[in-house]
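Noted in Swiss-Prot for the protein shown:
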| type | residues | note |
| --- | --- | --- |
| BINDING | Gly10, Pro11, Glu12, Gly13, Ala14, Gly15, Lys16, Thr17 | ATP binding site |
Amino acid sequence: MSGMFITFEGPEGAGKTTVIRKVHEEMERQGYAVMATREPGGIDIAEQIREVILNEKNTKMDAKTEALLYAAARRQHLAEKVEPALQRGETVLCDRFVDSSLAYQGYARGLGIDQVRSINDFAIDGTMPQMTIYFSITPEEGLKRIHANQGREKNRLDMETLNFHQLVREGYELLIAQSPERFHVVDASKPMQDVYEEVLRVIQDTLKKNQI
């Protein structure tokens with residue numbers, strides 16, 4: 001039996017990580033076989049790559065290098081953690097996946113969505129999520145939350161301009177328009193508890209529909 005692969009996308013400061021943690025805890029409490037993980041990271045090799053990608057000192061990183069590093073981390077994470085969990089029949093909740101690369105490097109960095117998609121096609125080897133939950137929030141609100149959250153892990157992408165984050169949002173909107181059947185869009189400007197309850201309901205409804 002194969003499990004369900006659910007990914008979470010959105011701009012910086014959208015609140016994905018907090019909601020994923022709460023959803024994971026509640027699903028475990030209810031007896032679901034569920035695993036939560038993140039990209040880049042989730043396993044030792046990918047966490048090491050994450051440190052290189054997001055280190056604030058690495059300001060000279062080329063956009064293509066960045067895209068390739070994300071794809072490398074993604075491949076190892078899939079092979080070592082995600083795919084084995086899916087084969088065990090678990091539901092996998094993943095904080096970011098290939099759509100992040102398409103929106104950030106493909107669109108906002110200007111490498112081209114098709115170019116970055118081709119890199120990632122090799123990395124993911126056909127593994128795609130059955131559902132992607134997109135946390136919709138304006139770049140202004142997202143950056144405001146980042147600066148207000150002193151406990152949040154700061155990274156190199158937080159240092160980007162408002163224009164860059166606006167391009168990221170445009171990139172996501174383009175991806176959603178291309179695959180509307182896969183995406184569920186959540187208004188992440190709402191109170192966190194409301195967002196959490198909506199996300200939990202959508203996931204549970206989807207699992208029931210797929211008899212998982």
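In case you wondered, yes, glycine gets a Cβ from its N, Cα and C as well.
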Using all protein chains shown, find which of the binding-site residues Pro11, Gly15 scores highest when you count other CB atoms within 10 A of its CB.
Pro11
Could you name the residues, excluding Gly10, Pro11, Glu12, Gly13, Ala14, Gly15, Lys16, Thr17, of the same chain that surround the ATP site, i.e. Cβ within 8 Å of the Cβ centre of those residues, in sequence order?
Phe135, Ile137, Gly142, Arg145, Ala188
Which number gives the other C-beta atoms within 10 angstroms of the C-beta of Ala14 (ATP binding site), all protein chains shown included?
24
Excluding near sequence neighbours, so keeping only residues 6 or more apart in the same chain, what lies with its CB under 8 A of Gly10 (ATP binding site)?
Lys16, Tyr134, Phe135, Ser136, Ile137, Tyr172, Ala188
If we count other C-beta atoms within 10 Å, could you say which of the binding-site residues Gly13, Lys16, Thr17 has the fewest?
Thr17
For Lys16 (ATP binding site), what is the secondary structure state per DSSP, taken as helix, strand or coil?
helix
